Amino acid sequence: RWIKFEEKVEDGGERWSTPHVPALPLHSLFQLRTCLQKGTMLLDLDATSFKDIIDHVLSGQPEAAELQPALRERLAALLLLQPQHQPTKSLLQLLAELGLSPCRGKVKGRAEPGTQLSKTPLKEQLRNRFKKKVPPGAEAAHVAVGEVEFLEKPFAAFIRLRRGVSLGSLAEISLPSRFLFILLGPPKVKAYHEVGRAMATLLTDELFQRVARQAEHREDLMAGIEAFLEELIVLPPGKWDPSARIPPPSHLPPPRRRTAVDPLDQQPRGNGDKAAAGDRVSPGHPRSGEELERTGRLFGGLLRDISRKAPWYGSDFSDALHPQCLSAVLYIYLATVTNAITFGGMLGDATANMQGVLESFLGTAFAGFIFCLFSGQPLTILSSTGPVLVFERLLFSFSQDHSLDYLEFRLWIGLWVAFFGVVLVATEASHLVRYFTRFTEEGFCALISLIFIYDSLEKMLSLADAFPINWHYRLDNVTSYSCTCNLRRLFNPILTCLTTLQCPPLSSIVFPSIPTSQNCPGTRQGRLSRTQCLDRGGHLLGTSCQYVPDVTLISFLLFGGTFLCCAALKHFRSSRYFPVGVRKLVSDFAVILAILASCAVDAVLGLETPKLLVPSELKPTNPARGWIIFPFGANPWWVCLVSSMPAVLVTILIFMDQQITAVILNRREYKLQKGAGFHLDLLCVSLLMVVTSVTGLPWYVSATVISLAHMESLRKESATSAPGEHPQFLGIREQRLTGLAVFILMGVSVFMAPVLKHIPMPVLYGVFLHMGVMALNSIQVRE
């Protein structure tokens, strides 16, 4: 059988082979051309059943008139027998729809004696799960070839029905049929079978299909075969193995590239013209759309964004009712938590904890929630970014050097940035985005992706410092390795015990909570844990005190295992194992499954790997600051004016970071249907600058890598695909609910600390690496 590629029944007749590119003998194509030239041909035949078709073929046609009446009756009875189709034996290897269903081999013996073709579909056809693979509007073609002993010369017929008709139980599944090809003749080794394969292969060719549907005369069909032969590539004998099966290519050339040999001398119709037109327009971003056109009115672009997005607002919530969205929420939530902790820690180091992890959590939750609720592109994820972090570090250093209050200075800068952002929205400055080249977009995306990859690797390498590996460990010296707690220089009673061996109970001296024993050796400070020893002012002595066994190694294994598991499960959709629904579900929840598996491995081993630490109290990281920053009092009055100069730099930084990310997310290849909102997004980011500046929270802008990961987790693909063909990308599940759920979870993360503390940080770094690599893979090099 054929759809786009050929499938054969394996030796033993138990299962179908993997799809492969058909390899045809050249002679079979010449024989097929001869059969179509000399055989019966009926175009646009009006028939409602297979019996009507056979009656038309065997009566009233010059080619059939040469047959004796008795032979015509035997031939009709033979063709009306019920064909025996190859059943599908395993649910794990369901193949795609029946596009072409040839009755292979000899016709004699293919049907049980006396079994006639049913005029209505059989229960087996209606219950066949094979039909789930068939796309809407598909039609079947039937190729019946075989050897019969009562014919003296071959009999061939090609039939095209005027409209698709269900031919009862002829097909493996119930489908409307349009084409039939019959070739019967006296015994001749493999000749008829190869001609049937050639006919089926021609009918799977998209250009020949169009020729066969539009042909008005026999000569048109011959021209289609000649055009097929002109494109044919012949492999010389002895240079390759004919039994080898050529796997389907990952990408097929579009039919429009073959129109130079169009036998009907017409341009391709339908989707071909649209696709060609789409290729002529750069797919970087919607340059031809209205999103970036100037209206010439104040806030004209913003009003147009609102009017464009308002009709979709209801569907932004209803479209999220899909299991795939649950997977996206969990995936992006863990990625956002990791990012908030990472940048919060770095902000704390750069600003003396004026902004820390807790501020990062609260700011991310608030800013992200508001943005997803009102923005023009709710698939965007807000986060702290590297350029903003660099500016915060420079601003804090400048404030310290010139004795200025950092948070008040920062407040005025944020207010000026918000003002400049509103001015940019009012003047429709976002139309400048149309001048961003694809090279600029790709370079920016590559930079951010490499930062993610570098950060994940740098964090893992730093574990070797926190948990050093004992490279000098020797198994033969195991008796010399020890670590004890030394408190002698602090407590004289212990020294007395060591010299006189008369030790009073330690609980009566200094440690009421430490267990004791009856003699001095049992009261050695080796009973104290490392934490207890250091808390009581002691120090550790021994050759193994700085050795943490296996933590660094298992951390790297968790890191690499999570990354590889994410990549493998993401590609599980195209695997040959399990039904399609299971494969799709595993692929959608790939990152979550990888995290759960890695956490389970860590829990079983029980090693003290570094865990995710989430703040558990709602109070500023630095107790010297409050939740509201006042604009006056700590700095001179002129700071509010001078701060406009660095605000210009921040505005440029925010504008470029926000709009380049927006351009990348709204590229034509993502097939977004609800439109973009460049002006509305910039307005939301500008107004959020006011709130985050007043509360002393970090500034937020679109995060390229996390936003791309969000879109990737919401990809929609066709539910049906031909064997050997990859599912077709249909677009992105555009909605607001996943982003809102992510940032709600961020807000309640403070109360989820007892659960989140069991997630190892190396696992989350592996997810970071996966996100960076996936974003890097989306980059294309274009002229």
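The backbone N, Cα and C atoms fix where each Cβ goes, glycine too.
Per TrEMBL, these features apply:
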- 1-91: domain 'Band 3 cytoplasmic' (DOMAIN)
- 118-242: domain 'Band 3 cytoplasmic' (DOMAIN)
- 243-292: region 'Disordered' (REGION)
- 297-781: domain 'Bicarbonate transporter-like transmembrane' (DOMAIN)
- 328-348: transmembrane segment (TRANSMEM)
- 360-389: transmembrane segment (TRANSMEM)
- 409-427: transmembrane segment (TRANSMEM)
- 551-569: transmembrane segment (TRANSMEM)
- 589-607: transmembrane segment (TRANSMEM)
- 627-655: transmembrane segment (TRANSMEM)
- 676-701: transmembrane segment (TRANSMEM)
- 737-756: transmembrane segment (TRANSMEM)
- 763-781: transmembrane segment (TRANSMEM)
Contact count check, CB pairs under 8 angstroms to the transmembrane segment (589-607), set 328-348, 360-389, 551-569, 627-655, 737-756; argmax is 551-569
Could you name the stretch, out of 409-427, 551-569, 737-756, with the greatest number of CB pairs under 8 A to the transmembrane segment (328-348)?
737-756
Report, as numbers and ranges, every residue of the chain located at least six residues beyond the transmembrane segment (551-569) whose Cβ falls under 8 Å of a Cβ in that stretch; write 'none' if there are none.
456, 460, 463-464, 467-469, 586-587, 589-591, 593-595, 597-598, 601-602, 605, 607-610, 760, 762-763, 765-767, 769-770, 773
Can you count helix, strand and coil residues in the domain 'Band 3 cytoplasmic' (118-242) using DSSP?
46 helix, 30 strand, 49 coil
Secondary structure content, the domain 'Band 3 cytoplasmic' (1-91) (per DSSP, counts of residues)
38 helix, 13 strand, 40 coil
